[in-house]
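What TrEMBL says about this protein:
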{"type": "COMPBIAS", "residues": "272-292", "note": "compositional bias 'Basic and acidic residues'"}
{"type": "DOMAIN", "residues": "55-173", "note": "domain 'Response regulatory'"}
{"type": "DOMAIN", "residues": "200-265", "note": "domain 'HTH luxR-type'"}
{"type": "MOD_RES", "residues": "Asp106", "note": "4-aspartylphosphate"}
{"type": "REGION", "residues": "1-25", "note": "region 'Disordered'"}
{"type": "REGION", "residues": "272-304", "note": "region 'Disordered'"}
Amino acid sequence: MTSTDPGLRAGTGIEHEAESSADPGLRAGAEIEHEAEAGADPGVTTGSGPGLVTRVLLVDDQDLLRRSLAVIIEHEPDLTVVGQAGDGVEALVQARATRPDVVLMDVRMPRLDGLEATRRICADPVLSACRVLVLSMFELDEYVYEALRAGASGFLLKDARPEELADAVRRTHRGESLFAPSILTRLVAHYVAAPRPERGAGALRHLTRREVDVLALIGSGLSNDEVADALNISIKTVKSHISHLLAKLRARDRAQLVIAAFNAGLVRPHTDQADKRIEGRPENRAKGRAENQARGGQHFIQAT
């Protein structure tokens with residue numbers, strides 16, 4: 001492959017996804033799972049931990065786009081591409097064979113779409129250490145919501161700059177979740193507009209008042225430091241509350257806690273609804289910090 005200018009911008013590569021909407025019709029589940037099993041290699045181990053290279057699997061039906069993504073990833077000394085796939089079926093096979101740390105997953109693909117592929121990867125106990133970061137040109141609410149429900153750790157738009165993409169891979173591997181500010185706003189708006197199931201609010205009955213406070217601030221996008229500052233508690237206490245929330249709500253990660261906050265009606269767009277639920281904190285301080293953070297580009301939800 002010829003060398004590419006490190007300044008490569010997504011507008012010349014990442015953002016040009018084919019406009020054709022391939023039918024993501026799913027093949028028989030047994031047939032697809034058989035192909036995935038055929039590619040499994042139990043001897044492959046992932047590279048996780050400080051100082052080790054993060055292994056990335058690229059999944060997109062556009063060959064040119066995959067090549068552009070590969071150039072960006074391979075330009076980083078701590079990242080490497082271990083495989084590529086052109087659809088969800090190939091993604092399952094490659095994931096089993098290479099055991100990547102992070103999968104960059106497109107949404108609209110033939111044979112098996114990215115959402116179903118994400119769901120199967122995240123549900124596979126063999127791939128429990130693998131995290132999925134969904135890539136798309138589209139900010140459609142249905143894609144964002146379904147990606148999170150499928151178990152994705154975040155949702156990144158294809159107009160992200162190369163350095164943002166590389167940083168997103170690192171953060172995803174560390175256990176953080178990623179959303180662009182525009183996506184987070186749309187996701188909140190979706191839950192406000194749609195009727196919320198009764199089980200959303202019902203889940204709060206098992207939480208303490210302080211846990212509800214923490215959940216509301218997590219849903220607003222605050223980091224652990226900001227939650228601690230808002231509630232005047234220690235970082236250690238914040239992490240303890242988050243651990244309890246994950247257990248009580250049966251959430252896989254922090255991204256699913258965000259969904260739980262939306263479902264329970266703890267978050268409203270363009271308001272300080274979540275802030276008003278919190279007692280004993282300076283007015284609007286956490287809200288202002290969250291807004292400032294959102295102006296800076298991609299929005300990261302800190303790992304627990």
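Glycine residues also receive a Cβ, built from the backbone N, Cα and C atoms like all the rest.
Please treat TrEMBL annotations as automatic predictions, because they have not gone through curation.
The DSSP breakdown of the domain 'Response regulatory' (55-173) into helical (H, G, I), extended (E, B) and coil residues amounts to 58 helix, 27 strand, 34 coil. Over the domain 'Response regulatory' (55-173) the predicted model carries a mean pLDDT of 90. Remark: secondary structure over the domain 'HTH luxR-type' (200-265) totals 50 helix, 0 strand, 16 coil, with classes taken from DSSP.
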